[in-house]
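Noted in Swiss-Prot for the protein shown:
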type	residues	note
TRANSMEM	9-29	transmembrane segment
TRANSMEM	45-65	transmembrane segment
TRANSMEM	79-99	transmembrane segment
TRANSMEM	149-169	transmembrane segment
TRANSMEM	185-205	transmembrane segment
TRANSMEM	223-243	transmembrane segment
TRANSMEM	308-328	transmembrane segment
TRANSMEM	356-376	transmembrane segment
Amino acid sequence: MKKKPFYKVLYVQVIFAIIVGVILGHFYPSIATDMKPLGDGFIKLIKMVIGPIIFCTVVTGIAGMEDMKKVGRVGGKALLYFEIVSTFALLLGLAATHLLRPGVGFNIDPATLDGKAVASYAAKAHGQSTVDFLMHIIPNTMVDAFAQGEILQILLIALLFGSVLAHLGERGKVVTDFIDGLTRVLFGIVHIVTKLAPIGAFGAMAFTIGKYGVGSLVPLLKLIGTFYLTSVVFVLVVLGAIARFTGFSIIRFVSYIKEELLIVLGTSSSEAALPQLMEKLEKAGCSRSVVGLVVPTGYSFNLDGTNIYMTMAVLFIAQATNIELTWMQQLTLLAVAMLTSKGASGVTGAGFITLAATLAVVPTIPLSGMVLILGIDRFMSECRALTNIVGNGVATVVVSAWEKELDRNKLRQALKGGGEVAPTETTAGV
């Protein structure tokens, strides 16, 4: 097959668009800020199909399972993995901030901070208890879940729908076949929308640089650098070790999903690449049922980048305001962050709202301290989203391996960038 010219390759187009967006934002900020609708429009186009794709993928995956106990088993293994890896991410963020101390030297008086700028984030985060979170998973109506784009609500509906179809067997085959066909149509729509990724990335990046300016980064470069460095270490060391133990290279895996990562980089939203990621994981040998359960769940329960950010941001504010936290308070912070991070989604700004929820229950640190990082949060959200999507991709491969439903032949071919996939060779374990 003839190789595409480099300028027609999607990730090359996205890189070029991001560079042009940065240049426009720096030299013509007034024009660049008007480009925001391009980024917002692209994300809306992707979000338009996320709910239906998750529903169809999960339903067909579960309907094809002969053993319904498998649904609970896969879900249980996924949640166990999420909790273990999330704990590593929280601890790494804590350790890196203690080691590199990015907030030391600011000497900010908490009394001088104006909390009005972060009041809206605090209001959104206030009062979100565990019971509220669990009750929110149950939609008011099926239509409302899709209309609002609530991933966990759609996942609940899909689990029930798929379970009933599996129970019906041949009697439900017509419905199952219809949903399977609808899945193909939806992914076809995604392929069309993805071609617009360079335009979306250009608009989002131009707006970000145009509004905040490169100069706004300088005073807080140490925090940004610490966060990016810690996230890279997490991906290469923690996720790298998990990947190696499972039998694949984290570097090759990251290279395999580079187009999705560049879309995330341009839009700062890991949801923007969710449909493409699910399709890529299936092509890499993960079973549809595992992909359908693990990826959507991971977008609420496996946000590694957000976890690193949470502990790092809280400790940074404490260091900047010269507030000493005891080890008991830091352990409390870990426990609280473990819960509040589960309410975050893959949308820009969700990490900042989650931070407000964490600070609200750690009264030692003033909530108004969030203004210190409000201006740079947009620049950190890219790294959060990138780490989140890599973490969810690795989690899906690992759970597929645990379930003995990972086609290692397909995985090897995909990560090598090979063409034809050899006959199925299902894994015999991790």
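Residue numbering: from 1, along the chain as shown.
Yeah, the Cβs are placed from backbone N, Cα and C, and that goes for glycine too.
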Fill in: Whether the transmembrane segment (79-99) meets the transmembrane segment (223-243): three or more C-beta pairs under 8 angstroms
yes
If one takes Cβ-Cβ under 8 Å and requires six or more residues beyond its ends, the residues near the transmembrane segment (223-243) are 85, 88-89, 92-93, 96-97, 100, 102-103, 217, 249-251, 253-254, 304-305, 308-309, 312, 316, 373, 376, 379-380, 383-384, 386-387, 390-391, 394, 397-398
With the greatest number of Cβ pairs under 8 Å to the transmembrane segment (9-29), the stretch among 149-169, 185-205, 308-328 is 185-205
